Ligand SMILES: C[S@@+](CC[C@H](N)C(=O)[O-])C[C@H]1O[C@@H](n2cnc3c(N)ncnc32)[C@H](O)[C@@H]1O
């Protein structure tokens, strides 16, 4: 008998009211059937039942480079990046339905046929649905900072998630992160810089050409100024970007 993996007790999000405003409701009703994937869950609605095939042909009608975003929020970055890159299959994970509904409004307005959303915990999706060695890029922009020390375990960037993300990337695939919180930026560096399955491409001594001795990445041109980034800038915080690549000669994953 197949064992069901343990439920994730510590998650990176809070369960909020799923009440939608009128425009979100309209977007949801008009567009969810086309853009939101009907994944099966386990006991929690944000969980992902194992054993579902990940079939790009069935989802997008094509195989193409796969880009994932964890925590798409209102979809601003997703719509801008996927719009600039029609050649990729873009999949956004977001647990908060009203945010998915807002994002649907953007992708529908732009007619972005390369985007799909899954209304689930992105970590669950990576663990139980996305195959190993299959993803070209993963984006985590402005993840919830979880400021209190006793909540740090809820941060999306932690050693277990990093190992999972590295295992889902193809060799040469990359993970792009951004945060406006200095202590979270430092935490990301502490968790990620020492790994062998992910290499900070902007850190001096890395095997990659694009080297900045500081380790921070330049702001990607394709990322629009989202509400979270604007809020950070308005409060005088420095925005930090990071890019990690799975080394080409890295270990194969199960
Ligand atoms: C601070 S917001 C940032 C949203 C967006 N990336 C932006 O920059 O505008 C973080 C978002 O991540 C979502 N989130 C947090 N953990 C998640 C997870 N494990 N899977 C999917 N979504 C998640 C939250 O619901 C929230 O919408």
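Backbone N, Cα and C atoms are what each Cβ position is placed from, and that goes for glycine too.
Checking the candidates 121, 183, 193 against TrEMBL: the one annotated together with 69, 94, 144 at the S-adenosyl-L-methionine site is 121. Highlighted here are the binding-site residues (69, 94, 148, 226, 228) whose C-beta falls below 6 Å from ligand 1: 94, 226, 228, in sequence order. Ranked by Cβ neighbours within 10 A across all protein chains shown, the binding-site residues 94, 180 are led by 94.
Residue 121 (S-adenosyl-L-methionine binding site) is 22 Å away from residue 148 (substrate binding site) when you measure Cα to Cα.
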